[in-house]
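Chemist: First, the structure itself, so that you have it in front of you.
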Amino acid sequence: FCGSQFWNATETWWTNDPDFTPCFEQTALVWTPCAFYWVFVIFDFYYLKASLDRNIPWNKLNVSKALVNLGLLVITALDLIMALIKKGGDSELPLYDLDVWGPIIKFATFLLVFIFIPLNRKYGVQTTGCQFIFWFLLTVLSIPRCRTEVRLDSERKNTLNSQQPSEQNFSWEEYQFASFFIFFTFTSIMLTLNCFADGLPRQTKYQRGENEIPELSASFLSRITYTWFNKMALKGYRNPLEEKDLWDLRPQDSCSEVMPIFAHHWNQKVRKNYKNKARVEPKAQFSNGNVTFENPHGEKNGRKKGMASIMPPIYKSFGGVFLFGALMKLFTDVLTFAQPQVLSLIIGFVETKEAQPEWKGIMYAVLLFVLAAAQTFILGQYFHRMFIVGLRIRTALINAIYRKALRISNSTKKESTVGEIVNLMAVDAQRFMELTTYLNMIWSAPLQIGLALYFLWQQLGPSVLAGLAVMIILIPVNGVIASRIKTYQIRQMKYKDERVKLMNEVLSGIKVLKLYAWEPSFEKQV
């Protein structure tokens with residue numbers, strides 16, 4: 001396929017001067033970024049669909065991206081043509097499959113990226129993470145081939161110096177050298193250009209003010225490093241922050257964007273709930289002037305008759321961002337346990353330093369730093385997204401409760417006090433927000449425990465079972481404590497309802513309370 005060996009451990013690992021094989025450098029190190037972009041390009045389509053803005057004007061940045069990308073398309077097409085000319089036909093050089101498929105795969109990927117440049121401009125997408133990661137991977141993974149090409153060029157020049165001038169013709173190897181470094185220069189330029197966000201769109205769904213949050217116009221690199229927040233942090237360091245210093249809420253997180261999505265799924269759930277009841281039981285039951293629908297799931301779920309569950313609409317409305325955050329949590333957990341393995345390799349290297357080349361120790365140290373940095377970046381993005389999901393859930397629930405409180409009949413109002421409604425909006429909705437951040441611990445905690453026990457067993461052997469036994473013994477204790485906490489929380493919520501109801505009555509009849517001098521007695525009750 002390549003004309004050379006794909007992997008050679010003797011040249012790459014068991015040596016004092018490591019280097020990848022040319023086949024590995026031209027396939028795995030190039031096709032991996034391409035495969036990444038083709039797999040995750042669906043996110044670019046999602047950003048186009050979800051964008052609230054339109055029509056970014058042509059500027060130096062997006063024109064430069066288009067021209068450099070066009071240059072990559074030309075040089076890649078030229079690679080294919082030159083391979084067919086130099087190595088095809090009656091040429092003494094054999095034409096390998098890599099000479100054909102390598103340029104085709106790169107050309108298709110660059111063409112896809114090129115198509116997204118005008119699309120992002122049309123739909124108002126100022127930055128895209130998939131393209132930044134693609135150019136970053138492609139640039140970084142091309143560095144090993146730079147070293148190989150420079151070394152081969154040096155050897156080639158030494159050989160040519162010993163030949164007669166008439167024998168020095170432009171060879172296939174020289175073309176590959178020139179072509180690759182043009183390619184590497186263009187990819188480095190594209191990486192630099194993708195470090196910046198595009199210009200502001202002309203058409204926006206919501207008017208952008210002077211106090212808009214900088215995150216909207218920040219590049220992907222700025223978002224993952226949170227450099228867009230530096231201005232606020234510096235201002236807060238110099239002077240206490242005031243309300244006028246705060247930025248406007250992102251339009252995507254505003255009630256006008258969140259509530260319609262949730263209301264759509266909630267109404268669907270309610271209609272489906274009523275439809276199922278009509279099929280299982282009589283349409284309605286009249287009791288004491290109230291109409292109730294039978295619950296088709298029976299009484300086992302603990303819900304009252306006719307009540308639809310709030311969870312399915314929440315899943316459908318905000319489940320996508322939550323699942324993406326869960327994927328980030330999985331990567332974070334894996335990286336957490338990868339670092340001790342690299343540390344173990346460093347300890348092994350120090351113990352047997354004389355038997356191993358120095359470059360391995362350097363590689364282990366760099367790898368440990370890269371893993372720790374990657375975990376930090378991903379964990380920060382995970383918590384950021386989980387807080388956003390919790391904020392949106394809280395916004396939707398408060399809005400739904402408030403709308404319902406305005407529409408319920410007088411007879412229904414007697415069943416719920418003002419204190420209960422206020423607690424639903426102020427306390428219960430906030431609990432959803434707090435729960436969202438740590439909900440992934442349901443599956444993450446067993447995974448972390450399992451991985452920890454597995455790696456500890458390799459180091460300590462059966463001694464690990466003592467720690468496992470302590471954990472198992474503490475499970476019933478934690479269960480009892482959690483049960484007591486739940487009981488106290490329920491009791492506390494009842495006290496809160498009564499207190500808010502009493503305060504509402506006090507404020508409503510404050511004139512009478514003052515005239516009769518009942519303040520001390522009501523104060524004691526509160």
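We count from 1, first residue shown onward.
Every residue, even glycine, has its Cβ placed from backbone N, Cα and C.
What TrEMBL shows for this protein is this:
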type     : residues : note
DOMAIN   : 323-526  : domain 'ABC transmembrane type-1'
TRANSMEM : 28-47    : transmembrane segment
TRANSMEM : 67-85    : transmembrane segment
TRANSMEM : 100-117  : transmembrane segment
TRANSMEM : 124-143  : transmembrane segment
TRANSMEM : 175-197  : transmembrane segment
TRANSMEM : 313-331  : transmembrane segment
TRANSMEM : 362-384  : transmembrane segment
TRANSMEM : 438-457  : transmembrane segment
TRANSMEM : 463-485  : transmembrane segment
Chemist: Can you tell me which of 100-117, 124-143, 175-197, 362-384, 463-485 gets the most C-beta pairs within less than 8 Å of the transmembrane segment (28-47)?
Modeler: 124-143
Chemist: Hey, which bits of the same chain come close to the transmembrane segment (175-197), Cβ under 8 Å, at least six residues off its ends?
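Modeler: Apart from its flanks, the transmembrane segment (175-197) reaches 61, 64-65, 68-69, 71-72, 75-76, 78-79, 82, 86, 126-127, 131-132, 135-136, 138-139, 142, 145-146, 149, 152-153, 217-222.
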Chemist: Which sequence positions outside the transmembrane segment (67-85), separated from its termini by at least 6 residues, show Cβ-Cβ distances below 8 Å to it?
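Modeler: Same-chain residues near the transmembrane segment (67-85) but 6 or more away: 95, 99-100, 102-104, 106-107, 110-111, 113-114, 117, 172, 175, 179, 182-183, 186-187, 189-190, 193.
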